[in-house]
Amino acid sequence: MAVGRSICPPEHVVPVGHDEPLLGRYDAARPAEKAAAADGGGNASFVQTCLNGLNALSGVGLLSVPYALSEGGWLSLALLAAVAAICWYTGLLLQRCMAADPAVRTYPDIGERAFGRGGRLLVSAFMYAELYLVAIGFLILDGDNLAKLLPGASVSLGPATLAGRRLFVVLVALAVAPTTWLRSLGVLAYVSATGVFASALIVLSVLWAAAVDGVGFSAPGTTALRPTGLPTALGLYTFCYCGHAVFPTLYTSMKEKSRFPKMLAICFVLCTLNYGSMAVLGYLMYGDGVQSQVTLNLPAARLSSRVAIFTTLINPLSKYALVVTPIATAVEDRIGPSGPAVPVAVRTLLVFSTVAVALAVPFFAYLMALVGSLLSVGACMLLPCVCYVRVLGPPRRAAEAAAIVAILALGSLVVVTGTYSSVVQIAHELL
């Protein structure tokens, strides 16, 4: 068995083979990957990488920001800007970790470089748990919106009857299951500008519904500050910026890697403007009555509402396979070499498991708040800081050291309070 060089610190170095599984022992970069890293690699232009970054940060969190604003009140918009700034800065910390070792190509590689095998496992666990819950959120999202478009739909299968949202969750899962059987989807996640266009179109459709279709901007019940709702708001705001698993891919794909900080800044500014616009629009339109997905408030008969809802449906359908494929690949690597039936079975069972959870926990906002508070805060705030300090040592500048300490303190607070609040809300709805 061939032996490669580990990317972890000297005290952690162990012999590894090129055929080690993703979650197995330390897997050093393959020779081709190492050569590409040494040569700088990457052929994406600055504009292409900006589009890829915008697509990575533009997700289903867009629909929940008006609800987050209603939970925290108008002043919580400052938290949205603060979370954006923190996540931008921690994205830069990941880039610095990668620049320190050309063999580091992925987020789990950074965890391994910092803490050995335990670091790789920890980062991988956060990534895969987050992806799994996001996939569940996709099913809930499409089920809710299809039930709004087609109320009263039901199907009887013998003694069992599926109706409304539950029916559409199952139908969406059946529709996306075949797409998960394809095994060459990774590059498609970041090269298309469809997600960016869809996010902008949703905001414009909501604006049209308010300005032209008669919804208006004067909903009663808006609040300046609601302290009890701040944990939920913070979790949802953080979920909007959970693109850190993609940032290493963007960095390695760039021709001009020195322009990565500028690219990241542009992506965060534009996405924050988009998120902020949607939050303000939705809250002005519906006040404290805004639902967990603002599209559920829109008048179903209007063209603008249908455009917004159909555009909302496209994103989860197109991204579901991309989200679950890394999880399926990790499971398949653990199983080892097998025939073509095993990957299909693994991916189908994975889809069925997300259906089961989506039917059992149909609370989109609370689920996304839980993902944001527990997993996104860990992956976007805490892990980049501790990995950076471990790889490059304590910051020499007092301001940077203070910033990292403040991020770790804030992140820890959000993990505790946000996770507790989300779990309590989910338990309350279930009971």
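Cβ coordinates come from backbone N, Cα and C, glycine included.
Among the features that TrEMBL reports, domain 'Amino acid transporter transmembrane' is placed at 43-422.
The annotation transmembrane segment is assigned in TrEMBL to 73-94 (among others). Here the transmembrane segment (73-94) has Cβ contacts under 8 Å with residues 65, 107, 110, 222-226, 229-230, 233-234, 237-238, 240-241, 243-244, 247-248, 251, 261, 264-265, 268, 271-272, 275-276, 279-280, 283, 380-381, 384-385, 387-388, 403, 407, 410 of the same chain, all six or more residues outside its ends.
For 121-141 (among others), the entry in TrEMBL reads transmembrane segment. A Cβ distance under 8 Å defines the sequence-distant neighbours of the transmembrane segment (121-141), meaning residues of its chain 6+ beyond its ends; these are 22-23, 59-60, 63, 107-108, 110-111, 115, 169, 172-173, 242, 245, 293, 312, 316, 319-320, 323-324, 326-327, 330, 354-355, 357-358, 361-364, 367-368, 370-371, 375-376, 378-379, 383, 387.
Under the heading transmembrane segment, TrEMBL lists 153-176 (among others). Sequence-distant contacts of the transmembrane segment (153-176) (same chain, at least 6 residues past either end, Cβ-Cβ under 8 Å): 138-140, 142-144, 146-147, 316-317, 320-321, 351-352, 354-355, 358-359, 362.
If you look up TrEMBL, you'll see 188-210 (among others) marked as transmembrane segment.
Annotation source TrEMBL lists transmembrane segment at 230-251 (among others).
Positions annotated as transmembrane segment by TrEMBL: 263-286 (among others).
Here TrEMBL flags 341-361 (among others) as transmembrane segment.
Under 8 Å from some Cβ of the transmembrane segment (367-389) lie the Cβ atoms of residues 60-61, 64, 86-87, 90-91, 93-94, 96-97, 107, 110-111, 113-115, 119, 122-123, 126-127, 129-130, 133-134, 136-137, 140, 231-232, 234-242, 244-245, 361, 395, 404, 407-408, 410-412, 414-415, 417-419, 421-423, 425-426, all in the same chain and six or more residues away from its ends. Taken from TrEMBL, the feature transmembrane segment covers 367-389 (among others).
As annotated by TrEMBL, transmembrane segment applies to 401-423 (among others). For the transmembrane segment (401-423), the residues of the chain that approach it from at least six positions outside its boundaries are 86, 89-90, 231-232, 234-235, 238, 366-367, 369-370, 372-374, 377-378, 381-382, 385-386, 388-389, 394-395, judged by C-beta separation under 8 angstroms.
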